[in-house]
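A.B. asks: Quick one: this structure, given as structure tokens, is what I'll be asking you about.
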Amino acid sequence: MIIGVLSLQGDVIEHINHIKKTGYIGVEVKTKQDIDAIDALILPGGESTAIGRLLRITELEDYLKQKIINGLPVWGTCAGMILLAKNIDGEDKVHLGIMNIKVKRNAYGTQLDSFIIQRTIENISKNPIDMIFIRAPYIEEFSETVTPLIYVDGNLVAAKENNILVTSFHPELTDNTTFLNYFINEIC
Ligand code: GLN
């Protein structure tokens with residue numbers, strides 16, 4: 001299986017290296033041809049406004065949207081979650097706008113309010129894993145087609161809907177591939 005990482009802006013290389021740890025092939029995705037050559041896609045963390053703008057400039061937005069609607073497995077981390085959301089709190093414009101969630105950007109405050117916690121996650125990890133939040137969003141609302149996966153302090157920070165997985169945090173910045181394996185085994 002070949003896992004692509006959308007490579008317009010954000011923590012692309014961290015995801016590619018993380019994929020290598022599982023033994024799968026991780027490739028950069030910048031064109032429609034790249035999208036056609038992958039089995040699954042990761043939308044990295046970064047700045048959703050910048051990635052969204054680049055998606056439009058490169059004319060990838062509609063193509064990618066259609067691929068995901070047609071079933072391409074996709075995992076959005078942090079900014080990637082925002083790109084996939086159908087609603088963004090306080091903003092009129094959305095990006096891919098596919099997943100039935102409403103997200104709040106920078107929900108924990110500024111860069112200085114970034115944090116790491118350790119949690120054992122029911123049905124996903126038996127041992128505590130590091131969860132890294134960097135100017136992270138969380139999910140404020142979701143429709144009944146969405147399965148909530150992880151709450152931290154009452155806020156929803158991971159969820160799935162059909163072929164789409166989203167996390168507010170960054171497993172790719174740790175050595176622990178539990179969450180990537182979850183994506184591969186449960187979504188792909
Ligand atoms: N705050 C960023 C945004 O709104 C997301 C941060 C991240 O991906 N770590 O797009």
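Placement of Cβ uses the backbone N, Cα and C atoms for every residue, glycine included.
Small disclaimer: the values here were computed from a predicted structure and weren't measured.
Residues or ranges marked as active site, nucleophile by TrEMBL: Cys78. What TrEMBL lists as active site, charge relay system is His170, Glu172. Feature annotation from TrEMBL assigns L-glutamine binding site to Gly46, Glu47, Ser48, Arg105, Ile134, Arg135.
How about a rundown of where these features are and what they're close to?
C.D. replies: According to its DSSP assignment, Cys78 (active site, nucleophile) is coil.
Of all Cβ atoms in the shown protein chains, 24 besides its own fall within 10 Å of the Cβ of His170 (active site, charge relay system).
With a 10 A radius on its CB, Glu172 (active site, charge relay system) counts 28 other CB atoms from all the protein chains.
According to DSSP, Ile134 (L-glutamine binding site) sits in a coil region rather than a helix or strand.
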A.B. asks: Take the mean position of the Cβ atoms of Gly46, Glu47, Ser48, Arg105, Ile134, Arg135, the recorded L-glutamine site. Which other residues of that chain put their Cβ within 8 Å of it?
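C.D. replies: Counting only non-site residues, the set is Gly45, Cys78, Ala79, Ile82, Asn106, Ala136, Pro137.
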A.B. asks: Using CB under 6 Å from any atom of ligand 1, narrow the recorded positions Arg105, Ile134, Glu172 to the ones that qualify.
C.D. replies: Arg105, Ile134
A.B. asks: Relative to the Cβ of Arg105 (L-glutamine binding site), which residues of the same chain, six or more apart in sequence, are found under 8 Å away?
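C.D. replies: For Arg105 (L-glutamine binding site), the qualifying residues are Ser48, Ile82, Ile88, Asp89, Gly90, Glu91, Pro137.
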A.B. asks: Out of Cys78, Ile134, which has the highest number of nearby Cβ atoms, where nearby means within 10 Å of its Cβ, if these are the recorded positions?
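C.D. replies: When each Cβ's neighbours within 10 Å are tallied, Cys78 leads.
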A.B. asks: Rank the binding-site residues Gly46, Glu47, Ser48, Arg135 by the number of other Cβ atoms within 10 Å of each Cβ and report the first-ranked residue.
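C.D. replies: Max Cβ neighbours within 10 Å, all protein chains included: Ser48.
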A.B. asks: May I ask for the distance between Arg135 (L-glutamine binding site) and Glu172 (active site, charge relay system), taken between their Cα atoms and rounded to an integer number of Å?
C.D. replies: 16
